[in-house]
Amino acid sequence: MPDQWRSDELVFFVNGRKVIERDADPEVTLLTFLRKNLGLTGTKDACGRGGCGACTVMVSRCDPVSKEIRHFSITACLVPICSLYGAAVTTVEGVGSIKTKLHPVQERIAKSHGTQCGFCTPGMVMSMYTLLRNHPQPSEEQLMEALGGNLCRCTGYRPILDGGKTFCTESNGCQQNGTGKCCLDQREEDSSSRGRNSEISTELFTKDGFQPLDPTQELIFPPALLRMAENPEKRTLTFHGERVTWISPGTLKDLLELKAKYPEAPLVLGNTSLGPAMRSQGHFHPVLLSPARISELSIVSTTSEGLTIGAGCSLAQVKHILAERVSELPEEKAETYQTLLKHLQSLAGQQIRNLASLGGHVMSRHCYSDLNPILAVGNATLNLISKEGTRQIPLNEHFLAGLPRADLKPEEILQSVYIPHSRKWEFVSAFRQAQCQQNALADVNAGMRVLFKEGTDTVEDLSITYGGVGAATVGAHRTCQQLQGRCWNEQMLEEACRLLLDEVSLPGSAPGGRVEFKRTLVVSFFFKFYLEVLQKLKKLDYLGSPEVSELFLSALEDFPVTVPQGVQTYQRVAPCQPLQDPVGRPIMHLSGLKHATGEAMFCGDIPRLDRELAMALVTSARARAKIISIDFSKALELPGVVDVITAKDIPGTNGAEDSKILAVDEVLCVGHIICAVVAETDVQAKRAIEKVKITYEDLEPIIFTIEDAIKHNSFLCPEKKLEQGNIEEAFGKVDQIIEGEVHIGGQEHFYMETQRVLVIPKRGDQELDIHVSTQDPAHVQKTVSSTLNIPINKITCHVKQVGGGFGGKIGRPAILGAIAAVGAIKTGHPIRLVLDREEDMLITGGRHPLFGKYKVGFMKDGRIEALDIECFINGGCTPEDSEAVAEFLLLKLENAYKIQNLRFRGRACMTNLASNTSFRGFGFPQGILVIESCITAVAAKCGLLPEKVREKNMYKTVDKAIYKQEFNPEPLIRCWNECLDKSSFHSRRMQVEEFNKKNYWKKKGIAVIPMKFSVGFTATSYHQAAALVHIYTDGSVLVTQGGNELGQGIHTKILQVASRELKIPMSYIHISETSTATVPNTITTAASIGSDVNGRAVQDACQILLKRLEPIIKEHPEGTWEDWIKTAFEQSISLSATGFFRGYKAFMDWEKGEGEPFPYYIYGAACSEVEIDCLTGAHKKIRTDIVMEACSSLNPAIDVGQVEGAFIQGMGLYTTEELKYSPEGVLYSRGPDEYKIPTVTDIPGEFNVSLLPSSPNPLTIYSSKGLGESGVALGSSVFLAIADAVATARRERDVAEDFPVKSPATPEWVRMACADRFTEMIPRDDPKTLKPWSIPVA
């Protein structure tokens, strides 16, 4: 540790203002500094690992060599403030504000409906803003690249892109140019009447009135920093923190001396590798060396032989350098550069590429590194430097394995990387396969190079390197040696595959799992290389090599990143509707502009209170164990630690008997909350929980999987059952019977705003104010009341807005609120509890994994006569909502199909995993895949197309569901037919078949599905709602109601309702928050009915008020609203009213298996087309068309956004979102690195959504319907399209057509299902002989 001399001053700028930090702590990130020190809370904290983009800001620097100002987007959560010396930081607050002036980016993302919950919006704005600072008229491809590192869980990305596209130079989409009519309108005009066409709109926003982008109005780069750049500080800067010292030398000489003095100290540039390791893996370094100011590390030089790139260059700079070099060199010399460039396109997101350095990437030597395998085969050389001088070492597998003889000495640093040109007759390629196409760590990657003897196909030199198949990058040196002198033909290919599998061996229990998939990729990649090289030899006019079959050519093409296009259609309001009436119009989200400026206040943005303390949770490391002892003495000794809260501190009830708030004697899962530490800061609290020592005694049995739960008869509730007809008799009369299984993995909510709560005790009377991110403040209120043993009326819960919920913020916030409230009462201080992403994913549970078994009896024509389905869901360790999910699963399971003889059974299994809970769709997304897989299996057996079997079995006329509730399926049939028509399904089915005949290694699949989705709860009391409306003497109106703004636009719709009822503009009306003090006994905002029922309550209150005002309005019809209100006040007429809605009638009798459990249904249909790569398992979503019956939409922009967002979330469930558990029950996937929600590059290339023209729905407000959840299940159309493509591949290869249905359809599942010569040649493990890395829990 260096001597404790005084720290230097850290000087940088934030939003044009100079910041001088005299006590800069190297462990403090820019995100923390912005939020806590400067109060700039627009930059959001969502993952802490640089993986989601919510904390994106722009950093500007003056290049010391070119003197140009560089602007680049970065993730603030990774950037230590000490690295910002001499930089200018721009946050969303510095871009524009509602109070001053909006920037065009902020205006357009809001007005194009690109915000829902708004938590990701500031990051999106900053990524776009940085792009525009560098490229005022970007291309659409540049826009996609800029947003590739930003995640959104709500919108489905389409409206965000639409906002961004308004800045772009060109567009491939329908721009209504030329005729001024949308192509869709023209198509409809051909096929329907002009009258109907005039009612349909394809415009959710207009560009008229958008502010133009004026680059001259942007913040200038601070002149003080320009002066600093012109006369750079050469002395060494040192910043001492509490535990870490940051040293930033000004010269290379000083850096080398420091490296000699502190040989163990790592060099930190982007902090993209070291930062996450220090945060989540506990890596600690007392001294950090920053080479950021050393210009010698950023030098780029070229010679006739190759290119040398400074180790300090960012990956974004490397990409630019390589692109320039490729454009200058002949193709034969640029093979390695072109290959590196290709991989840089998909390596991480833009923000990470801007931060990460080439040297850091090389030196971190991650086994999944995308560049190191290419550099290794490209014969790159590392130029090292130390006090003693310079030397060169090869970047080869010995270096990458960290062998001492091939590694740097402790005092050496990497100065630059030399990459030689490729030669004629030398070919370089690289391959990678990850969970999704962009911004995902590779499962396996490879670099491959071959050099032929000139004019022949004889191998002179061969180099093959793999990542992801070992602890380090692995070279196949032995294989390459043995293949030298061989001709490049089929015999060589066979030999190469055998040798590679022998040399690149992967044990069955290897970390990361997916072992057989990885083995297959080892040879699949080589086969791709083999084909690529044959094509390149052909280009050189060498005729001696085998011809590549036309059928195989598509294997050479990677799926391109395409800019999504699409059309959204809805019914225009009637021409006679008053302009002031906003109902039915695509009104912007009420908080949209605040989201875009960062001024929207979320729970975690509330400024720190006086005497506030932070809380951190201590959770179980064991899946099932008895707690022998808890020792927190060491934690209490740490500075700043105030107290430890245990179950003994709870004055009231510690939860229910089967679901304790804090564990007492036993823990039931990894992540079970045991106690909580309270400290002065969150950093101190987090450090203290590491010091709490818990002694366990393991208990048996420990159950994780549904299979084990069934074996041990471990269930959370009795079996649920629905039955109609005589199933046994029907099975005796059918032509055929088949049985099958469906496995569906769980899903993490991944709301962008993690769980958080702030509890404020009031002096005297034991009153509490609770600010909480929840869907159900009344539940939080009741839970805190029973936990503290104080009346409900002394607890007030406030919800301003929630950064996404999706069902995950119904039950869990109450538990966290109760723990924080115990801490607040015990200490007398306000308590803030904020879960980081890893904790949140570990503790909170998600969608229930499902195992389903079906037995179906059917006739040869595809008519299903009997269906028996048994479903088991993995409920986790406590009941929570599992019984209700099992019930809803069965109630919705029949979907759109009328089957005379049915039996549905369901059980919720009790396992030692975190309790699973409510999730958007509530059982239906699992159920629809079960029944649609069953339909697909029937079609395959009958030799029919699945859509024909679906049509044959769909409800056609007024009928009763399995639980005897009557409904009219006419809108279902309309949706189905419209979807077939709008998607041009039948012609595209033929095109898909034609494509598949011509391509062996790529296959397309297409699927269309109908949907009958039931809305609401199964009890009338859960549909009640209340509202309170105040009119003030200036005519302004305050509305309070029981629905919570989660991003679904409930506040916007409520204001539209109030505006119509009171006949005043929306601008007169305000909603402040949802509070249990103003509207008591509220129902959770869920089940798609929030706007329905709360809208009815607001309508009731407004009508009461208007009735009171009627005499005054009649007496003064020419008066203004303000005049009428003033008169009413003078006449002592109450200007406040409570509205109430008793709720829709709903009931279900499970004893009889019948009832009317749902108020109404939503109908829809979706068609999706995909293309799969049979060699890698990758897929590309080509097109999706969705038709939804919305009756009369309250707000088409919001409703279309809900459908799209839900669909993309469902698509994630069925394709990329995979939860991995260790054999000990530890959740591996606890962040965006391991758990992949869809990104902007994952959405379909063409994405069309239509809301059917209105139909009456007298039950609901203004005949609207709640569309919040139903779209999730339509995501299964993507899974079924993938399965369709896989089935085609299997038929072509003469493999049994029936294959296990396992969701998600990951690249692993797709690749292994497309069985071929390569899957057959890999070694297989006997599961009984090894301990797997992960276990399937469904």
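A Cβ is built for glycine as well, from the same backbone N, Cα and C atoms used for every other residue.
Note that this is a predicted model, so its numbers are computed, not measured.
What TrEMBL says about this protein:
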| type | residues | note |
| --- | --- | --- |
| DOMAIN | 8-95 | domain '2Fe-2S ferredoxin-type' |
| BINDING | CYS47, CYS52, CYS55, CYS77 | [2Fe-2S] cluster 1 binding site |
| BINDING | CYS117, CYS120, CYS152, CYS154 | [2Fe-2S] cluster 2 binding site |
| DOMAIN | 239-424 | domain 'FAD-binding PCMH-type' |
| BINDING | LEU267, VAL268, LEU269, GLY270, ASN271, THR272, SER273, LEU274, ASP370, LEU414, ARG432 | FAD binding site |
| BINDING | GLN775, PHE806, ARG920, ALA1087 | Mo-molybdopterin binding site |
| BINDING | PHE922, THR1018 | substrate binding site |
| ACT_SITE | GLU1269 | active site, proton acceptor |
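Same-chain residues at least 6 positions away in sequence with a Cβ under 8 Å from that of CYS52 ([2Fe-2S] cluster 1 binding site) are, in sequence order, ALA46, CYS120, GLY123, ASN150, LEU151, MET752, PRO1232. For the recorded [2Fe-2S] cluster 2 site, residues CYS117, CYS120, CYS152, CYS154 set the reference point as the centre of their Cβ atoms, and the other residues of that chain within 8 Å of it by Cβ are THR115, GLN116, GLY118, PHE119, THR121, ARG153, THR155, MET752, GLY803, GLY804, GLY1047, GLY1205. In sequence order, the binding-site residues near ALA1087 (Mo-molybdopterin binding site) (Cα within 10 Å of its Cα) amount to none of CYS77, CYS154, LEU269, ASN271, SER273, ASP370. Taking the Cα atom of each, SER273 (FAD binding site) and CYS77 ([2Fe-2S] cluster 1 binding site) are about 13 angstrom apart. Annotated pair CYS154 ([2Fe-2S] cluster 2 binding site) and CYS77 ([2Fe-2S] cluster 1 binding site), C-alpha to C-alpha distance, rounded: 22 Å.
Checking each of the recorded positions (CYS77, CYS117, LEU269, ARG432, GLU1269) against PHE806 (Mo-molybdopterin binding site), the C-alpha distance stays within 10 Å for GLU1269. Sorting the domain '2Fe-2S ferredoxin-type' (8-95) by DSSP state (H, G, I as helix; E, B as strand; all else coil) yields 16 helix, 29 strand, 43 coil. Shown are the binding-site residues CYS120, LEU269; of these, the residue with the fewest other Cβ atoms within 10 Å is LEU269. Neighbour counts of Cβ atoms within 10 Å were taken for the binding-site residues CYS77, CYS152, CYS154, LEU267, ALA1087; the minimum is at LEU267. Rounded to a whole number, the distance between the Cα atoms of ARG920 (Mo-molybdopterin binding site) and ASP370 (FAD binding site) is 36 Å.
Other than the site residues GLN775, PHE806, ARG920, ALA1087, same-chain residues with C-beta atoms no more than 8 angstroms from the centre of those residues' C-beta atoms, the Mo-molybdopterin site, are GLY805, GLY807, GLY808, ILE810, SER918, PHE919, PHE922, LEU1046, THR1085, ALA1086, GLY1268, GLU1269. For ASN271 (FAD binding site), the nearest of the binding-site residues by C-alpha distance turns out to be CYS152; the candidates were CYS117, CYS152, PHE922.
Per-residue confidence over the domain 'FAD-binding PCMH-type' (239-424) averages out at a pLDDT of 94. The two recorded residues, CYS117 ([2Fe-2S] cluster 2 binding site) and GLN775 (Mo-molybdopterin binding site), have Cα atoms 13 Å apart. Calculated from their C-alpha atoms, the gap between CYS152 ([2Fe-2S] cluster 2 binding site) and CYS47 ([2Fe-2S] cluster 1 binding site) amounts to 12 Å.
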